[in-house]
Each structure stands twice: as structure tokens, then as C-alpha cells.
Amino acid sequence: MLDEIQLLYLLDLFGVGVFAISGALAAGRKSLDLLGVVIIAVVTAVGGGTTRDLLLDRHPVFWIADPLYLSVIIIAALLTIWYTRHKEPPQKFLLLADALGLAVFTITGAQITQTVVSNDVIIVIMAAITGTVGGLIRDVLSNEIPLIMQRDIYATAALAGATAYLLLQLTGWASSLVIILSMGIVIGLRLAAIQWNLHLPRFKLEE
Amino acid sequence: MLDEIQLLYLLDLFGVGVFAISGALAAGRKSLDLLGVVIIAVVTAVGGGTTRDLLLDRHPVFWIADPLYLSVIIIAALLTIWYTRHKEPPQKFLLLADALGLAVFTITGAQITQTVVSNDVIIVIMAAITGTVGGLIRDVLSNEIPLIMQRDIYATAALAGATAYLLLQLTGWASSLVIILSMGIVIGLRLAAIQWNLHLPRFKLEE
Amino acid sequence: MLDEIQLLYLLDLFGVGVFAISGALAAGRKSLDLLGVVIIAVVTAVGGGTTRDLLLDRHPVFWIADPLYLSVIIIAALLTIWYTRHKEPPQKFLLLADALGLAVFTITGAQITQTVVSNDVIIVIMAAITGTVGGLIRDVLSNEIPLIMQRDIYATAALAGATAYLLLQLTGWASSLVIILSMGIVIGLRLAAIQWNLHLPRFKLEE
């Protein structure tokens with residue numbers, strides 16, 4: 001049976017694969033060349049964890065330390081390109097996978113940060129950075145206002161999940177349960193926001 | 001009475017608060033959600049110092065080392081959102097505060113860099129990076145050409161102030177006087193540029 | 001006679017100069033002020049190597065360790081501004097110089113990475129990052145979709161050249177020959193792509 005570390009590693013690999021798919025699909029709307037699509041997929045998948053590692057001075061950066069991440073990303077991007085030549089991308093599956101990727105990155109980001117930093121606010125912020133910065137860089141490279149700043153409950157779900165993760169640790173429950181519950185909060189908030197079109201109030205200055 | 005280090009710390013906290021306000025107001029023109037506004041405010045306020053710390057390999061990065069910075073930023077952003085729901089933002093006050101923030105970050109950036117690097121050109125550039133990169137990232141995230149590259153005497157004021165700071169140190173005057181004078185140069189140049197619409201010549205290629 | 005390290009250093013200085021020119025010309029199309037042009041030139045010239053150094057935790061970053069780089073960049077940018085006030089920029093010369101800059105940065109990037117990392121995939125990617133990220137940041141700051149993701153065989157040439165560099169090292173040939181051959185592959189691919197309008201297939205999703 002998998003122990004906790006192996007489970008998280010597998011989830012993390014799943015997370016980079018999912019974000020690579022989301023990056024490749026976003027790039028497909030911009031009419032880039034094949035390598036451009038792969039570049040966007042890589043940046044989307046590793047951007048959050050890389051930013052976290054640089055800010056925390058964790059070296060080697062995770063995908064330099066373990067090149068399997070890059071292999072998963074490149075294969076996922078190429079499969080996405082190949083698949084979408086023949087069929088419509090399954091929107092609902094993608095939204096679910098994206099929510100799962102956000103949940104995985106947020107909670108693994110919180111765990112990794114906890115090994116270096118003790119301040120809870122910093123841990124929550126680093127968790128959200130791990131979960132969201134890849135998508136943010138994807139949007140900047142695609143010359144769009146980053147979705148995380150406009151979209152229904154995206155960074156919010158990451159912040160809530162990371163906060164729940166820290167609070168649930170206080171209960172003394174098994175850490176695998178804490179991980180599953182806090183990932184569930186991210187996924188649940190994200191999917192509820194999509195289903196019922198929930199969003200934070202907008203802030204709009206009159207001009 | 002405050003000693004020099006305490007004074008600079010207070011000024012630095014003031015600087016992040018001011019830039020958080022400027023980030024929140026910029027975000028307000030883009031119709032983001034509340035969390036998006038806070039994210040832009042945080043990035044605007046910490047972007048310059050974070051870039052400086054990463055380039056100089058200063059760890060922990062300043063806002064990770066001292067979370068009070070984040071508290072000030074988040075409170076400043078929320079107060080900005082609350083205030084502008086009821087009243088017009090006071091443009092003149094904001095321009096003055098922004099100039100003061102630029103001055104504070106530039107000179108504290110020069111001081112911090114001096115503790116690590118001895119080359120004067122590098123010190124001046126790191127000072128300007130500390131003062132301007134937050135606003136630059138704010139503009140990139142808002143999908144605009146960064147203002148510092150088009151606006152009347154912005155990065156120029158930072159470069160001039162940092163250069164003055166290094167030159168004034170040669171006089172042997174009290175360091176608090178040197179700090180005040182060089183911050184005054186940044187503020188003076190910036191306000192003069194706004195008042196009389198001064199700017200560097202533009203460079204425009206025929207096509 | 002120059003030894004290999006001196007030759008690479010001179011080539012590297014040549015590379016930053018060339019990319020500074022390309023950055024200044026790109027900025028000239030955006031009607032920035034003089035300092036804005038110099039900033040874009042600096043970022044274009046040092047962006048790739050700086051990203052590589054941060055990811056690999058190589059400190060001090062190359063242009064902080066050796067300020068001659070900045071001098072070359074600033075002089076190249078100012079000369080570009082001065083020259084283009086009087087004459088058309090020579091397009092063909094610039095494309096050739098840009099290809100040479102890409103080749104130099106890619107191969108020196110591979111060499112530097114080899115001193116820190118042993119995984120070949122990481123070395124190739126770091127080489128491509130060194131060669132291309134400066135131009136990518138230039139495009140983001142100019143508010144455009146980065147050219148490397150759309151243009152005919154640009155990042156592709158860097159990846160091919162870095163791969164050739166690693167393979168040619170296995171032959172046991174003199175390292176100066178390996179360097180020249182692999183730089184030749186980057187330049188040849190790039191110029192062939194321009195001459196015959198070669199490009200990778202585009203990936204475009206139906207919407």
C-alpha cells in the first residue's frame with residue numbers, strides 16, 4: 001500500500017499533468033506553433049511550484065531535482081494536441097481535473113512550505129502561490145488579464161483549502177485524512193462556484 | 001527617539017502601504033473581484049523588494065522574514081476598497097504618497113544592496129528595481145504597457161535619487177541627513193515632473 | 001591567442017550587445033521614453049541568463065558578478081537610439097546578429113548548466129531558457145504575445161543546438177570545434193527558417 005509521501009508524489013505528478021493539459025488547451029486558442037504550446041504547458045504546470053521554491057530558497061527547484069515532472073508534462077501536452085485534432089476537448093472533465101490540480105498543488109504547497117517556514121499566513125500564501133501562479137503566467141504569456149483575478153472563486157478556493165489544512169492539523173487526525181478533507185474543500189468550493197456561478201463581489205471604480 | 005534603523009523600518013512599512021493603495025486603485029479600473037484586488041495590491045507592494053532579494057540571494061525574502069508587511073498591505077488594500085465605495089480617491093494625495101513610496105523604496109533598496117554588493121552601478125540599479133518593479137508587475141498583470149517605461153520621469157527619479165544617495169555618502173554628513181536629502185531628490189523630481197509635465201524625450205521608430 | 005574561456009566570454013559580451021540592440025529596436029516601436037528603451041534593452045539582454053542563474057541558484061547572478069555586461073548593454077542601446085535617428089536599421093544585419101546572439105546564449109547556457117546539473121534534459125531546457133527568455137520578457141513588457149511561441153523555428157533552433165552540443169561532446173572532438181558546430185546549427189536553422197519561411201505546424205483549436 002502507498003504511504004503518505006508516495007501518495008502525495010503521485011498526486012503531484014497528476015497535478016502537473018492536469019495543468020499541462022489546461023495550458024495546452026489555452027495555447028490552442030492563440031494559434032501558437034507546436035513548441036509554443038508545449039512551452040505554455042510546461043510553464044503552466046511548473047510556474048507555481050517554481051515560484052514557491054525560488055521564494056523559499058529551496059534548491060534544486062522541484063522539476064530540476066526530479067525530471068520525471070517534465071516528462072509527464074510534455075507527454076500530457078502532446079497527447080492533448082493529438083486528442084484535440086480529432087475530438088472536442090471534454091469541458092466538464094477538464095474543469096474537474098483543473099479543480100483537482102488546484103487542490104493538489106495547494107495542499108502539497110502548504111506541506112512543503114511547512115518544512116521551511118512556521119508563520120501560518122506565509123504558509124497559506126505560499127500554498128495559494130503554488131496552486132495559482134502557473135495559470136497566472138499562462139494568462140500573462142497569452143496576453144490576457146489573469147483569470148485568477150476575475151474568475152469565480154479560484155484563488156479563494158486555494159486560500160480556503162490551505163487555511164482548512166492548517167486548522168485540521170490541530171485536530172490530531174491522521175494526516176492522510178487531513179489532506180483529503182482539505183483537498184475536498186478546494187475542489188468543493190471550486191465546483192460549487194462553477195455550478196452556481198458563485199463569485200466574490202467585484203470592485204469597480206467609477207471613472 | 002527613533003534611531004535610523006527604526007525610522008527606515010517605519011518608512012518601509014509606509015512604503016508598502018502606499019503602494020498597496022496604488023495597486024488597489026489600479027485594479028479597481030479593471031473590474032476584478034475583491035481577492036484579485038488584494039492580490040494586485042500585494043504584488044505591487046512587494047514586487048520590487050522581492051525581485052531585489054531574489055537577485056541578491058537575500059533569504060528569507062523580506063515579507064517572509066517579517067509578516068507585518070503583509071498585514072499592512074492587506075489592511076491598506078481593504079481600506080482602499082472600502083473608502084472608494086463612498087468617496088472619490090483623492091488624486092493629489094495619492095500622487096504625493098506614491099512619490100514618497102518610490103523615494104522610500106529606492107533609498108532603502110540602495111541601503112540594503114550596499115550591505116551585499118560594492119559596485120555602485122549595481123547598487124543604483126537595485127535601488128531602482130526596488131522602487132519600480134512592483135508597479136511594473138502591476139501593469140503587466142493589468143495587461144498594460146508598464147507606466148514606468150512611458151511616464152514622465154519615474155524610473156529616472158529613482159536612478160537620480162539612488163545616485164545622489166551614493167554621492168552624498170562621500171560628504172561624511174550624518175546618514176539621516178543623507179537619507180532625507182536623497183529621498184527629497186526623488187520626491188522633488190517626481191512632483192516637478194507631474195507639475196510641469198516634464199519627461200525624457202521619446203524614442204519612436206518610423207515604420 | 002584566445003583560449004576557450006576568453007573566447008566564450010567575448011562571445012557572451014557580443015550576445016548581450018546584440019540582444020540589447022534588438023530590445024531597443026522593439027521598444028522603439030512602442031514610443032517609450034529614452035530610459036524605457038534602455039530598460040527594455042537591459043531586460044532583453046540579461047533576462048535569459050538571469051532566469052537561468054536564479055533557477056540554478058548560481059550567485060552572484062552573472063551581471064551582478066561582472067558589471068561589464070551592463071556597460072556593454074547600455075552603450076549598445078544608446079548607440080542604437082542614436083543610429084536609428086539618422087538611418088534605417090539594417091534589417092538583414094539585425095536578423096543575422098540576433099541569430100548569432102541566440103546561438104551564443106544557448107551554447108554558453110548549456111555549458112554553464114553542465115557545471116551544476118548532470119541531467120541532459122535539464123541542460124537542454126536551461127540552454128533554451130538562456131537563449132530565449134530575454135526576448136520573451138521583452139515581448140511581455142511590450143504587451144504582445146511572445147514571438148518565441150509563434151515565430152518560425154526560434155526556440156526550436158535553441159533546443160536543437162543544445163541537443164547537438166551534448167551529442168557532439170560524446171565524439172571526443174576538441175571542445176572549441178564542438179562549440180562552433182553546435183552554434184552553427186542554431187544559426188543555420190534560424191537563418192534557413194527565415195529564408196524559406198519554415199515553421200512548426202500551428203495548433204489551433206476550433207471554438
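Including glycine, each Cβ sits where the backbone N, Cα and C put it.
Here is what TrEMBL says about this protein:
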type: DOMAIN; residues: B:10-83; note: domain 'Glycine transporter'
type: DOMAIN; residues: B:96-168; note: domain 'Glycine transporter'
type: TRANSMEM; residues: B:6-27; note: transmembrane segment
type: TRANSMEM; residues: B:34-55; note: transmembrane segment
type: TRANSMEM; residues: B:61-81; note: transmembrane segment
type: TRANSMEM; residues: B:121-141; note: transmembrane segment
type: TRANSMEM; residues: B:177-198; note: transmembrane segment
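Here the domain 'Glycine transporter' (B:10-83) is broken down by DSSP into helix, strand and coil counts: 62 helix, 2 strand, 10 coil. The domain 'Glycine transporter' (B:96-168): residue composition by secondary structure is 58 helix, 0 strand, 15 coil, according to DSSP. Distant neighbours of the transmembrane segment (B:6-27): 36-38, 40-46, 68-69, 72-77, 80-81, 84, 89, 94, 97-98, 100-101, 104-105, 108, 111, 134-135, 138-139, 142, 176, 179; these residues of the same chain sit at least 6 beyond its ends, with a Cβ under 8 Å from one of its Cβ atoms. Along the domain 'Glycine transporter' (B:10-83), the predicted structure has mean pLDDT 90.
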